[in-house]
Amino acid sequence: MIESAILIPLVTIPFVVSLIALALPSNARNTEAWIAGITALGLFILTAMQYPAVDDGGAIRHNIEWVPQLGLNMTFRMDGFAWLFTMLITGIGFLVVIYARYYMSPEDPVPRFYAFLLAFMGSMLGVVNSGNLIQLVVFWELTSVFSFLLIGYWYHNAAARDGARMALTITALGGLCLLAGILLIGQVVGSYDLDTVLASGSMIRGHKLYVPILVLVLIGAFTKSAQFPFHVWLPNAMSAPTPVSAYLHSATMVKAGVFLMTRLWPVLAGTPEWFTIVGLAGMATLLLGAFFAIFQQDIKGLLAYSTISHLGLITLLLSLGSPLGLVAAIFHMANHATFKASLFMAAGIIDHEAGTRDMRKLGGLFSLMPVTATLAMVASAAMAGVPLLNGFLSKEMFFAEAIEHHADSILDTAAPYVAVLASAFAVTYSIRFIHGVFFGKIPADMPKHPHEPPFFMRLPAMLLVLICLVVGILPGQTIGGYLNSAAMAVLGPEMPEYSLSIWHGFNVPLLMSVLALVAGILLYGILKTYLATSEEGPPYFRELKGQRIFERVMVSVSWRWARLLESWLGTRRLQPQLRLLAFIALVAAVLAATRRGVPHPTLSLGNMDLLFTGLWAIGIICAIGAAYQAKYHRLYALILMGGAGLVTCISFIWLSAPDLALTQLVVEVVTTVLILLGLRWLPKRIEQNYDGVSLETRLRRGRDMLLAVGCGAGTAFLAYVVMVRQPPQTIADFFVENAYELGGGRNIVNVILVDFRGFDTFGEITVLGIVALTVFSLLRRFRPAPDNIDSPEQQLLQSRHTARSDESEEAETASIADEYLYMPSVIMQWLFPVIIVFAFYLFLRGHDAPGGGFVAGIAMAAAFILQYMAAGTRWVEERLRVLPVRWMGMGLLVAAATGLGAWVFGYPFLTSHAQYIELTLIGKVPAATALIFDFGIFSLVMGATVLMLIAIAHQSIRKLRAAKLPTAQENA
Amino acid sequence: MTPDLSLSLSLAAPELIIAIGALVLLMIGAFSGERANTTVTGLAVAVLIGAGAWLVLFTGTGEAFGSAFVSDSFARFMKVLTLIGSVVTLIMSVGFAKAEKFDKFEFPVLIMLSTLGMMVMISANNMIALYLGMELQSLALYVVAAINRDSVRSTEAGLKYFVLGALSSGMMLYGISLIYGYTGHVGFAEITNALMGGERQLGLVFGLVFLLAGIAFKISAVPFHMWTPDVYEGAPTPVTAFFAAAPKMAAMALLVRVTVGTFGPVAHDWQQILVFVSIASMVLGAFAAIGQKNIKRLMAYSSIGHMGYALVGLAAANEAGVRGVIIYMTIYLGMTLGTFAFILAMRRRDGNVESISDLAGLSNTNPVMATILTILMFSLAGIPPLAGFWGKWYVFLAAIDAKLYALAVIGVLASVVGAYYYLRIIKIMWFDEPVGGFQPMAGELRLVLGISGAFVLLYMLFMGPLEAVAQTAAKTFF
């Protein structure tokens, strides 16, 4: 347990040092390099010391309980395979730190660089040493994040920002897929522990979720390892500082994908699906990467595509599902890391010294920097697979595996040919790199005059090239044992027989190697002149810029689609909002109805009254007409609405509710008058264009009509269902039985109002009074805003009249009636006393028959407002003193006094007393105290209604706020 | 006074304090003229805090006014949240009022009345009280939305809100009357009893649907969300902050009480509705926000999305779910108030700005503000270990417990999409070219923003006690 705890510092130290590095001042480049270098070297040595524990299939595990209730543990686990990767990460990390010390310019803020680099190293170590898959995903995402930060290190550079963003987008999306895949694995296996998962390979492969798991995990791995078609981010990531490219995009991060595929190889590999998906991706990547690499002009671009191609090779090896293929894949991972890192370092040196990475502007550098040139040549020979170098060995193994027969498919048959072709391409681009940069004439336009870099800048590359050579010549003695334990960690005890030596005799793989070498050299001979001047990128394909496609997708997803969605989902206008609301209500109701089953109340037509039906038909027609005319002719709509209201009143009478009918009638009259006054300020009609109604408009109207019919029918149906239902016990019976006995009245509604629920009524009239005052005070200062629509006709008449009355003294008293409404105005004036008498009658009979204070009050108000309408505000106010506020106050006081009166006699508030008294001439008159209370109601209702109506009527003597009406000016 | 009445009055004491306080303040405002605003706001804050203190210290558990009103641990907790929302909004409005000529003493009074309505909603134990509370808060909100009468946008927003609100209130009333018609009761407990036995009738389902529609309108859940962006954008910013905070707490509490409490026996019926509403809200909130340019409008879509997440917990219809909703709403309150404190502080010399592009390069011009907003945005996006993550965690956990896998998966995906637009704000602040800084923040805004940032950042520290409180509150229904 103590020994295994070594894994914790292994992963955590880089993060800790990273924080320290961040805190240092920005010019402390040497200190930074020292602490970063020591950290990396220390970890390297620490790892190396662990080898005995992981040799021969052993593994170190360390478990930290984190949230045991949820089964979440931190598990670190190092086996031979993870050990090999840890060595690569720390070792190359160390070399990159040295290199970066000389590469980064003094102006660069290095603390950020080293901090990110170390944190990235920690994340990567976390990935390879995780014993828990969730934990692995967390570190995986951390590598994406730090890679983003490192690529975007020179954030003032647009290319760096774009490259960083693209890398993050693609790899993070891949990481998300990976997480989903891992969660599915956890669902299948029941554990995220790596050992448990590795032991349940057959269970996962047999599960019905296998394909989703496979696809999701592979997307994760492919995005990270830049497999076709997710490779587009890698070339753009080359805008990172070269040490970053050398570390992340050759040796470590891009290897995480193939690392994961290898890690889960025992679980996922060996099925036809695996072979098809992985093989296809690997083969396409191998070939396309190599082909594209030939045509790059940027050295780093060439190396990037070469990296893509080599990763494709590893993927292809892994796809085969044979143990030997796996060994070759692991071997090639290590080899590629060494030679590619050294090549990137060489590219960085060239860039640093010559000031450009464009191969068209470079040449003949061999004479100027022979050591660097030699290093680069050896490393690219390894890349091309020249014998005596490590690249050759793994490539031989690849060829041997490619010609093996694995599965009956075109893919398998094509493998050897693809392998040879891709190797030939590899040879071509390697030669192109060496020849283009180090040989030929020194171009005149080279930005700087290059010379050998400082020794310590070359040292890392030198060490790496040395490893290439040593491994290439003495593979068995150097890497053999480590490779064995790494492979064993993945494969377990069933290790295949293989031999690591440079000479296997004359066999097919050797022939393929020779073929590839020769073909590659010939191909370079053909392309040489074209490449010397050609544009960046391969012919035809260069139009197909991965970055542009990516940008376009990003823009589409983040802006275009968003706009589109907003225009669909966003509803700024009220009309569609209301429509949507009605529609949703309808849908919800219909859904509920269909799910629950619709009841079938029997509709008995037997006792239908023809006259009543006809009456309702008129009412319905009026209502529909009102709705239809609401937009184009408000006055018609109002008249029709009055018709519908009238039918309602008649229905009430028909159904023996005369008091309801009366109230309804009076309310109807008052509201109509109110709206009429309001209409004054609105244009009379919008001209309907009958000819030019487009199809779209028709469709919209049709849809709205359907919606309206649906909602109406639904509501009617619901109302019907409720009505025919046996009602539950209601309170109505109580009032019917007790109205006369307890309240002393036969008009039950009125008794309820003034007696049973007197307190409520008292509250209500108070509210009514407040409302009236509010309306009045709001309208008192109201002046309508100037409108951009032409003034309606009646308003023009009015203003003409007003304009004239302003001028002449006589016109002051003239009424509107002079202009129009002549006959009605006379009738209305005559009606005044009649209505007052009628109101009084209504009030008195209220106790026993339909009527009451409320109705009487409204009727009285109607009498007043009719005068206003008939003769105009000025005319009426000249002749009548209406004091609505006093009426209101009196009403409230009377009502309250009645209530308090009960207290005087020792009864609760608002207790009423009822009796009849005999008056001469009139006869028996009810004299309940409720009658006084009712008078309070009458007074308040009358006052409040008149106040509101007057407030509106006063609008007629106001002018528009802004400019005067045009017609008024013409007249003046 | 009868003992019954005095018990009722003592249970409803916080509401009474606010009601009387609002009336008194209205008088003070009306009689002391234009300059009363600051005084009235201060007194309103004091009254609300007093009511809150009374609520926490003295209010017991029980039913009042013939079971129309209930006070239990859930109600108390949600009321505290509502009061926090109202108080903080009022405090934040002071500076705005001075700077933007927003000195209207009606504003604090309306906020108080609306808060009163919300508290009645939370404590409602029958349909009448429910409707009463709902209308009281709505009417105040209609006015508040249009309080800036000189602004066309504000007026339009208020009018739209009113029309749609009236329609949805009508629908809800229709639903209530159907429920009454079929069960013969208005009391929640009686309705539950009536639902226990006998088959469920169609009318009842209709009633439930319409009732839920009315409440969904108040929490601005899809498909009743249409008013939200317009009102958020159009209303003055303190009003928007209020809309985003307090009413959501109350309406969500009411929704919890009505569904899990009253309609518990027919959980199956409303669960499907809530699942739909939740998914629609999360998805719409995530996608429609992407293209927004105005930060208030963005916050509107954000709040729609967040209500969707909260509903995930409610849709689970179990104790863990209700606990999740409570925790979610608490965290949402903290994040929202902080964000609006920030939006209120987006001032240049020539006035307030609301556009997202105005945030460009804020990390240079005002690093502290930028950092806190970054924390808030990360939290809104639900990135661990900030508070927003834990809110989502609890509701998704509850959904998975209830085997609502599809809901949980869609929720997670929607939050990924949603993260995009929160992160975009961060990106604009940290990586875009600066366009000039803001005026120094007012003290009260600084305080709110700081507390909110600390709450979000340090949520892990006090999540234990909060969870315990939420658990107790959730126990009310199980």
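Cβ atoms here come from the backbone N, Cα and C positions, even for glycine.
Quantities reported herein were computed from a predicted structural model and do not represent experimental measurements.
If you look up TrEMBL, you'll see B:124-417 marked as domain 'NADH:quinone oxidoreductase/Mrp antiporter transmembrane'. Among the features that TrEMBL reports, transmembrane segment is placed at B:12-31, B:38-57, B:77-96, B:105-122, B:159-182, B:202-227, B:239-258, B:270-291, B:324-346, B:367-390, B:402-423, B:444-462.
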Name the range, of those listed as B:38-57, B:105-122, B:202-227, B:270-291, B:324-346, that has the largest tally of Cβ pairs under 8 Å with the transmembrane segment (B:367-390).
B:324-346
Going along the chain, which residues at least six beyond the ends of the transmembrane segment (B:239-258) come within the CB cut-off of under 8 Å?
74-75, 78, 81-83, 85-86, 88-89, 92-93, 107, 111, 114-115, 117-119, 121-122, 124, 130, 133-134, 137, 141, 144-145, 147, 188, 211-212, 215-216, 218-220, 231-233, 296, 299-300, 303, 307, 310, 314, 322, 325, 329, 332-333, 336-337, 340-341, 343-344, 477
Long-range Cβ neighbours of the transmembrane segment (B:402-423) (under 8 Å; 6 or more residues past either end):
275, 278-279, 282-283, 285-287, 289-290, 292, 298, 302, 305, 308-309, 312, 315-318, 321, 377-378, 380-383, 392, 395-396
Is it true that the transmembrane segment (B:105-122) and the transmembrane segment (B:159-182) have 3 or more Cβ pairs under 8 Å, skipping pairs fewer than 6 apart in sequence?
no
Six or more residues out from either end of the transmembrane segment (B:324-346), which same-chain residues have a Cβ under 8 Å from its Cβ atoms?
74, 77-78, 81, 84-85, 88-89, 92, 95-96, 237-238, 240-241, 244-245, 248-249, 252-253, 256, 295-296, 299, 303, 306, 309-314, 316, 352-354, 358-359, 369, 372-373, 376, 379-380, 387-388, 390-392, 394-395, 397-398, 438, 441-442, 445-446, 448-449, 451-453, 455-456, 459, 466-467, 470, 473-474
Other parts of the chain folded back onto the transmembrane segment (B:12-31), taken as Cβ under 8 Å at six or more residues beyond its ends
37, 39-40, 43-44, 47-48, 50-52, 54-55, 58-59, 64-65, 69, 71, 79, 105-106, 108-109, 112-113, 115-116, 119-120, 123
